[in-house]
Amino acid sequence: MSRLSPVNQARWARFRHNRRGYWSLWIFLVLFGLSLCSELIANDKPLLVRYDGSWYFPLLKNYSESDFGGPLASQADYQDPWLKQRLENNGWVLWAPIRFGATSINFATNKPFPSPPSRQNWLGTDANGGDVLARILYGTRISVLFGLMLTLCSSVMGVLAGALQGYYGGKVDLWGQRFIEVWSGMPTLFLIILLSSVVQPNFWWLLAITVLFGWMSLVGVVRAEFLRTRNFDYIRAAQALGVSDRSIILRHMLPNAMVATLTFLPFILCSSITTLTSLDFLGFGLPLGSPSLGELLLQGKNNLQAPWLGITAFLSVAILLSLLIFIGEAVRDAFDPNKAV
């Protein structure tokens, strides 16, 4: 903390003073960290195998059944009772706490899908027999990574467009504003539905489409800040000394605009996660079978006789978005110099 400037130290103190936002940040980081380690927490493959004096790492490498003394050269099925017994008799196996992956199906249960919570499936199974907790972990990772990438890409494009409009003004600003007015009126959802009938949606395809239509949220904030600061004396002096426009924008004007921009980022991230969840809920998101919070919400709606699906999905989304909103409020207070610690 000693390396921070006095201004940033005061901002950090104001952020920590907001206890709700401060602890929400830590809880969010812990949950996101757990989701990044989903393969170590929920997996239908062993993490480590000791067999006949040799070490095997199924999490990192695919082994055939013949590697463990089986008759077939096909990929080993670690849920096969015969292979399980053989591994236990000739060595030992380290399993993940949850023995189901994102696409695993619990064939051992004698209850119809979706089945209620049990010792095997702590939060029950979905309509396809997948473990709900495992799909929540993997779905949270996909949602947050999608949100972070969408927030980063759209923020860069929005800041760049707002900076150019605000700095140059005139026709650049006029035509830029007219273009944004037209572009923001495009029916994004209908375009996604139309394109989904032609192209199979995937993570990168959805990210590109949402970035293409979602970069305008920061343009107005950055543009207003550049319009305000471009007539300041130090900017005029830099222009008179022959400093390049690029240097003036990046070194002298952008840092001031970023103060307002940073306060919006947690809310943009929240909106980005909601976008993917909504598309998955409507059936125009990730491919069928992908772990997704929106897809689990859809299953909860379609299976009202299995309330654990809807309740689990709703709580997961609500907690995630609430944490981000609390963080955003704390960041906003931290950058407000009128807030007392």
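Backbone N, Cα and C define each Cβ position, glycine as well.
What you are looking at is a predicted structure, and each value in this text was computed from that prediction instead of being measured.
Under DSSP, the residues of the topological domain 'Cytoplasmic' (1-21) split into helix, strand and coil as follows: 15 helix, 0 strand, 6 coil. Residues annotated as topological domain 'Cytoplasmic' in Swiss-Prot: 1-21 (among others).
Marked as transmembrane segment by Swiss-Prot: 22-42 (among others).
Residues annotated as topological domain 'Periplasmic' in Swiss-Prot, with sequence analysis given as evidence: 43-143 (among others).
Residues or ranges marked as domain 'ABC transmembrane type-1' by Swiss-Prot on the basis of sequence analysis: 140-332.
Through the fold, the transmembrane segment (144-164) approaches residues 32, 35, 172, 176, 180, 203, 206-207, 210-211, 214-223, 225-226, 249, 253-254, 257-258, 261, 265, 268-270, 272-273, 275-276, 320 of its own chain, all at least 6 residues removed from its boundaries and within a Cβ separation under 8 Å. Summarising the annotation, Swiss-Prot assigns transmembrane segment to 144-164 (among others).
Feature annotation from Swiss-Prot assigns topological domain 'Cytoplasmic' to 165-178 (among others). Per-class residue totals from DSSP over the topological domain 'Cytoplasmic' (165-178), listed helix then strand then coil: 13 helix, 0 strand, 1 coil.
The list of residues near the transmembrane segment (179-199) in space but at least 6 beyond its ends in sequence, with Cβ under 8 angstroms from a Cβ of it, reads 161, 205-206, 209-210, 213-214, 216, 219, 279, 282, 284. Positions annotated as transmembrane segment by Swiss-Prot, on the basis of sequence analysis: 179-199 (among others).
Nonlocal intrachain contacts for the transmembrane segment (202-222), taken as residues 6+ away from its ends with a CB within less than 8 angstroms of a stretch CB, comprise 142, 146, 149-150, 153-155, 157-159, 161-163, 165-166, 180, 183-184, 186, 188, 191-192, 195, 257, 260-261, 264, 268, 271-272, 275-276, 279, 285-287. Residues annotated as transmembrane segment in Swiss-Prot: 202-222 (among others).
Long-range contacts of the topological domain 'Cytoplasmic' (223-252) within its own chain (CB-CB distance under 8 A, at least 6 residues past either end) are made by residues 161-163, 165-167, 169, 173, 260. Here Swiss-Prot flags 223-252 (among others) as topological domain 'Cytoplasmic'.
According to Swiss-Prot, the feature transmembrane segment maps to 253-273 (among others).
Mean pLDDT for the topological domain 'Periplasmic' (274-307) in this predicted model: 90. Feature annotation from Swiss-Prot assigns topological domain 'Periplasmic' to 274-307 (among others).
Marked as transmembrane segment by Swiss-Prot on the basis of sequence analysis: 308-328 (among others).
Swiss-Prot lists 329-341 (among others) with the feature topological domain 'Cytoplasmic'.
Distant neighbours of the topological domain 'Periplasmic' (274-307): 102-103, 114, 116, 124, 126-128, 132, 134-140, 142-143, 146-147, 150, 189, 192-193, 196, 200-203, 206, 210, 214, 313-314, 316-317, 320-321; these residues of the same chain sit at least 6 beyond its ends, with a Cβ under 8 Å from one of its Cβ atoms. Residues 219, 222-227, 230, 245, 248-249, 253 of the same chain lie 6 or more positions beyond the ends of the topological domain 'Cytoplasmic' (165-178) yet place their CB under 8 Å from a CB of it.
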